[in-house]
């Protein structure tokens, strides 16, 4: 499948009012959540449909499976947004475009959040339908299943190429926005800011790197014990898949824990300050 983090490239044209950015991003990545869940399930489990990648990539289940997953991911992004912003130097962030017009009502925000989630989901499913073996477009166009290089079908090559293009588009968009924004001068950054960035980086990246390394090491050990060699083609893909999914799962857990602690601390400080102001 195309790399999950490349999918938000498809929603960049919609990052404007009245769409909701977090909802767009959540929808664009949500169908891949089952691959990172690392939770075993059975057909009898009520949550089994939500941990099945086939279900989450099915247009017919976009409301029953895709939308709940997108809501969960949107909640996660909301949880970690401020904590990550707190640890990120101003010079790394583009200036947020100020909202224009009247402040929207709660009903309007809820409606456009729904629209944004659905739009993000549709972009993901449409993209994957071109690059998954079981995708609708691949099934409708036999040419996409034609083997081109070293046994790789066209849809697999398109899968990897679209990942690279998506990541490059996101990088271009980010660099362009940062250059065009009025980001703070790096000279104003203090040692405290640098310490925050380094600390949070360690909190998030060390567990991810360890999980990815352990997962790959285990796979290599199992293959060695079975006497199976690691093929140049599928072997590399398999190892990358294990590294990304195991590392991604650990990163999500670490980010969730960090977000909960940060938000809890911020709430405690706010309540304490409010109590003192009333005293």
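Yeah, the Cβs are placed from backbone N, Cα and C, and that goes for glycine too.
Automated prediction, rather than curation, is the source of TrEMBL annotations.
Summarising the annotation, TrEMBL assigns transmembrane segment to 20-39 (among others).
Annotated transmembrane segment per TrEMBL: 59-80 (among others), in sequence order. Sequence-distant neighbours of the transmembrane segment (59-80) (same chain, 6+ residues past either end, Cβ-Cβ under 8 Å): 22-23, 25-27, 29-31, 33-34, 49-50, 52, 113, 117-118, 120-122, 125, 136, 252, 255-256, 258-260, 263.
Among the features that TrEMBL reports, transmembrane segment is placed at 109-127 (among others).
Same-chain neighbours of the transmembrane segment (157-175): 1-3, 5-10, 12, 94, 127, 130-132, 144, 148-149, counting only residues six or more beyond its ends whose CB sits under 8 Å from a CB of the stretch. Residues annotated as transmembrane segment in TrEMBL: 157-175 (among others).
Residues annotated as transmembrane segment in TrEMBL: 195-216 (among others).
The annotation transmembrane segment is assigned in TrEMBL to 249-271 (among others).
Counted over residue pairs separated by six or more positions, the transmembrane segment (195-216) shares fewer than 3 Cβ pairs under 8 angstroms with the transmembrane segment (109-127), which leaves the two as not touching.
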